[in-house]
Structure formats: structure tokens, C-alpha cells
Amino acid sequence: MTIDRYRRFARLAFIATLPLAGLATAAAAQEGANGKSFKDDFDTLDTRVWFVSDGWNNGGHQNCTWSKKQVKTVDGILELTFEEKKVKERNFACGEIQTRKRFGYGTYEARIKAADGSGLNSAFFTYIGPADKKPHDEIDFEVLGKNTAKVQINQYVSAKGGNEFLADVPGGANQGFNDYAFVWEKNRIRYYVNGELVHEVTDPAKIPVNAQKIFFSLWGTDTLTDWMGTFSYKEPTKLQVDRVAFTAAGDECQFAESVACQLERAQSE
């Protein structure tokens, strides 16, 4: 993004966590990385793991208010809903969750169906920033409703972005569930869509270094039209998440179809 969306969030500070014994990885050196490998199928919304944004927005560019009422799980699917509903000073309500812990180098994966509608942003990303007394570092997958045939990839390092890359989503990101993953290492980031490598970053100046939280969000704008398209609301729409997983560097992969599993198999051949 071009705006530090999350400067207003209250955050907890955590200590670093070591990976498996005997596996000295760069992740161990990331200050504040206390999150361990996990997989969440969203049978329920575990609020010990997830913080639900509620009662605010991130600035004038956002035309909706985060509301916990827009966040729920249904039949093993996390649903974040955008709809016309006045909440505080906004006429629309939207949903967001974030992990309570921070995560470092490893493989991040989510199976997602994006929302419909120009002017909307369906996002799976990691973020840390000034509210946590850290520089703004961020790694993004964002489906912009104006063109759901693509997913925008991006990184921020100390609030410097401008690294946008558009990757194809065969069949459309809003037509069914697709798998998005990135492998974050000290010296590179690899991005995958449905198990296929679509983008790789190796410039050290473009690779974040600070441990971050995992976010899912669905929000809209009336003003960022060049980027997200002209806002056009027709009916309530949802960002749906079937699964999310994090595999720390050096840990075993979390599920059979995981990109981390694919990379493990490739290394053993």
C-alpha cells in the first residue's frame, strides 16, 4: 500500500523464540519473533490467537469502520464481510483480524476466496509498525476488486514500498478458493499462487527484517481510485479464508499440500 494503514493499533511486545533444537536459523535472530509454526482451519475463531479489530478506521482513505460483527466462522471458513451499515462516522462496516504474536522467517500460506467489488481490497499480509515501536515492515498479497484476475504482491521496508508486482490468478480470485504463499528468508522472498512460483525478490533493500503479525482484512475506499478503482457498492460481499498456516524456517511443514512440503521434497530429491 501507499499508506501506513495500521499506525493506530495497540500492540503487545513479545520476546524471540528459538526454532527446533540444533537448527540454527536466521529466524532465531529476529527480535520479537515469538510465534511458532501453526495451522488454523477456522473451525472456530480462537481469540487467544487472533485479535479482532473493532470500532475504528485507519484514516480518511478508508470508507468503512472495522467491526467485530463483520467477522465470523461458518462451517470451517473465516468470513470477513463488507456491507452498508453505519458504524460511528462511516456508512459501511468491514472486518479484519490479526495475530497476537509476531512471526519471523518461514513459509506463510492461506487459502482464500476474495470479495467482489471495485474499490475493495481483500488482503492477506504481514505487518509491524510504529504502534509496536518498530519500523513499518510489511509483506502483502492484495486482491483489488477492480481486477480480480490479478493479485498484487508488495513489500515495505522501513515504510518504503513501491515494489508492486501483479500476478495472475487463473479463473479469478473471487470465483473460488486459491492458495497464496510466500517464503520469507533473510536473503530472499518467494511468492506462490496455487503452488506455482510467481515472483522472487533478492534485493536486500527490498526484504523486511522485523518480525511481523499476520493479518486478514477486507476494506474499501472512496479516494484511492487510481489504485483500487472507483468504489461501487451493490450488496454485501465477503473475503473467505479456508486455512492459514505458518511454518518456521527449519520446522516440518504443517499440511500435505503446503509449499513448505513441496520445497522439502525438492531438497530431498
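The chain as shown is numbered from 1 upward.
Glycine is treated like the rest: Cβ placed from N, Cα and C.
Here Swiss-Prot flags E138 as active site, nucleophile, drawing on sequence analysis. The active site, proton donor annotation in Swiss-Prot covers E142. Here Swiss-Prot flags 40-252 as domain 'GH16'. Positions annotated as signal peptide by Swiss-Prot: 1-29.
Comparing local CB density within 10 A for the active-site residues E138, E142, the maximum falls on E138. In this structure, E138 (active site, nucleophile) is part of a beta strand by DSSP.
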